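**Q** Dropping the structure in here first, questions after.
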């Protein structure tokens, strides 16, 4: 005699089916919420030039046309939002064009922001007194390193800022921030 029974496929009760559907609904809703929160906290990719460059922006995040900066007097240092939103000085040269080197406004001593002093023709950090020459090299410490620089290019009245990849023109060596 054979005492084996055929195994019947499991049948879901109404309660199990409703629990499964409710759990699936909660999981889908939570996933959609997590995706939306992730998109909120991750900044959108910047669209810009080649080499990881971005368009220079004002404090409100609006692109700044090159003509606006170039309307300033020669020697002017205009502060814009550059790479990663870092404040960056753009320099109007004596011939009325924009310098291809921008200077990031972050002291190499402790990261303070600093103004350009037109009377003394140098950047002066108010936190601990570091001073920098117009090209961003250290004039007086305690800052140990020259200021970070970026590449600046003008294309169709748009200012593109991209990371500095060449040798530092002030030292002739590989930049310390690369």
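Just so you know, glycine gets a Cβ as well, placed from its N, Cα and C.
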**Q** From the ranges 17-36, 37-56, grab the one Swiss-Prot calls transmembrane segment.
**A** 17-36
**Q** Work through the recorded positions one by one (107, 112) and point out the residue whose CB has the fewest other CB atoms within 10 angstroms.
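**A** Across 107, 112, these recorded positions, the one with fewest Cβ atoms within 10 Å is 112.
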**Q** Which one, from the recorded positions 125, 127, has the smallest tally of other C-beta atoms lying within 10 Å of its C-beta?
**A** 127
**Q** Between residue 128 ([2Fe-2S] cluster binding site) and residue 112 (disulfide bond), what is the CA-CA distance rounded to a whole number of Å?
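**A** Spelling it out, the Cα of residue 128 ([2Fe-2S] cluster binding site) and the Cα of residue 112 (disulfide bond) are 9 Å apart.
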**Q** Quick one: of 109, 128, which of the binding-site residues has the smallest count of other CB atoms within 10 A?
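**A** Checked 109, 128; of these binding-site residues, fewest Cβ neighbours within 10 Å: 128.
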